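Engineer: Pulled from TrEMBL, these are the listed features:
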type	residues	note
TRANSMEM	12-30	transmembrane segment
DOMAIN	17-458	domain 'Major facilitator superfamily (MFS) profile'
TRANSMEM	61-81	transmembrane segment
TRANSMEM	88-108	transmembrane segment
TRANSMEM	145-169	transmembrane segment
TRANSMEM	175-196	transmembrane segment
TRANSMEM	276-295	transmembrane segment
TRANSMEM	307-326	transmembrane segment
TRANSMEM	338-356	transmembrane segment
TRANSMEM	368-393	transmembrane segment
TRANSMEM	431-454	transmembrane segment
Amino acid sequence: MARAYLGGSGERLTVWISVAASTVLIFYGYDQGVFGNVIISEDFLHTFGYPSANMQGVMTSIYNIGCFIGAMSTIWTGDILGRPRQIMLGSTIIGIGAIIQTASYGVAQMMVGRIVAGMGTGMNTATAGVWQAETSKMSSRGKLVIIQMANCITGFSISNWLTLAFSFAPRDIAWRFPLAFQLFFTFCIYVMCPFLPDSPRLLIRKGKHEEALEVLAALEGHGATPESASVRTQYKIIKDILDREHMNTYTWGELLSGKGPSGVLRRMILGAWMQAMNQISGINVTSYYMSYIFINALGISELLSRILAAAGSVDYLVFACLAYFVIERYGRRKVMMVSAFACSMCWVIIAIALGLSANGGNEYKLGIVAVSFFFVFFASFGMGVLGVPWLYPTEINALEMRTKGASLAMSTNWIMNYAVVQVTLPGIQNIGWKFWIIWAVICASFIPVTYFFYPETANRTLEDIDRFFETGPGIFVHRNKLAVQLHRPAEFIEADDRIARAEAAGEKDGSVKSEIVETKEAV
């Protein structure tokens, strides 16, 4: 029997890994929402000397600089520590940052706490998705990442409701307790991660073959052992791809200059820009500053703004959960394009409503329209532009480069996040309703970018994606059947069948070296 981790194997083990990875995203979602609600507290503003809008923006956005540093650091530490230990380290750092923030009495101290907590969040978000993707089956990989993102919005919703509840608490408890609550998630990570397995793909790459077979058997379940034929076949498929890529023989300079295996740089750019699209959609204009926008752009009272922001987070959560039912059925490309179109339309209507209001229109009725379409935007974003960019970099990057590619993608996410959060408050103050047109145009641009450049990754194994790029596809993929068809291509099914037959016949590892030539000929 395979070893059981945290009391489970097979599907139960996948669920436990998903719970741990989702806790990371709840943690991230909570951090996204909590500070934007803290900075409108009267006691907070008094404690920090009533900082200007620009300073409030810096205090909020500096967190993303920490996230950028943390995500970049996993390029070097992610493979050394492994997935579970990297997440434990990140959660510990977030806990330290939470303590510093909770104890803050000055702007400088708060900024240090924000940077430290951000570093831990960057480490965690660069790791959790890769860990989930590398330990889940092809048919459930997208759904599990969508569950993670739904849990991210759960954390965001918790932060909104908790800060609303504590807004009635006396003095500094109203904002110190919500900041301290981050420690709860650190303790949750400590309870789970030490007892869960590392990625079998990473273990094979590090030469820990026996441990990798043990983990593959545990993930397979149904009484599988390291000697089972299905486990050995999966092991050989992964090892064969790694042997062909042999990226450890290439320097970073050679990889980035195009001298390494086919498609590496292109795949890293695709993953990184997909994450950029997640942030420059304008989502963090709302998730960080929803209460601020309702107060300062729409003239709503503080209490009602908090209630609307909390209600909006529930709307966001519901539609993030509904994405579970479409991500595999319709694929990454179609879901991303439809969601981006809907987001763009929401920004257009919000801009029109606020523009008419600013030029003498009925402020009350037009305010209702604007608030309503902020809610519709949350729904539209949650159905696609939320989850696809978090899933895609974990799938598209080469097997050997998945950690580095995901780290670069998350670093891109965080630096774009910083830029968006930094410009929001001055943008609202200085250009008013025209600020929202920017996000409408950007969201609309996602449609042609996705259509022309992004291959489908749904209904493919991670090894299938490696095989696709080995065929040397052109930059434009919209007419490439292998790239855009939703069902798994027959050529890749046949490639796996050949390896399975070779394993069943008792052939040695070297007998499958010609598989890549056969696959190219088939394609």
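Backbone N, Cα and C define each Cβ position, glycine as well.
Automated prediction, rather than curation, is the source of TrEMBL annotations.
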Engineer: Where, among 145-169, 175-196, 276-295, 307-326, 431-454, do we find the most CB pairs under 8 A to the transmembrane segment (368-393)?
Structural biologist: 307-326
Engineer: Where else in the chain does the transmembrane segment (338-356) make close Cβ contacts, counting only residues six or more beyond its ends and a cut-off under 8 Å?
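Structural biologist: Apart from its flanks, the transmembrane segment (338-356) reaches 277, 281-282, 297-298, 366-367, 369-370, 373-374, 376-377, 380-381, 383-386, 388, 432-434, 436-437, 439-441, 443-444, 446-447, 450.
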Engineer: Return yes if the transmembrane segment (276-295) and the transmembrane segment (431-454) have at least 3 CB pairs under 8 Å (sequence gap of 6 or more), otherwise no.
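Structural biologist: Touching, yes - the transmembrane segment (276-295) and the transmembrane segment (431-454) meet the threshold of 3 or more Cβ pairs under 8 Å.
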Engineer: What mean pLDDT score does the domain 'Major facilitator superfamily (MFS) profile' (17-458) have in the model?
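Structural biologist: Computed over the domain 'Major facilitator superfamily (MFS) profile' (17-458), the mean pLDDT is 86 on the 0 to 100 scale.
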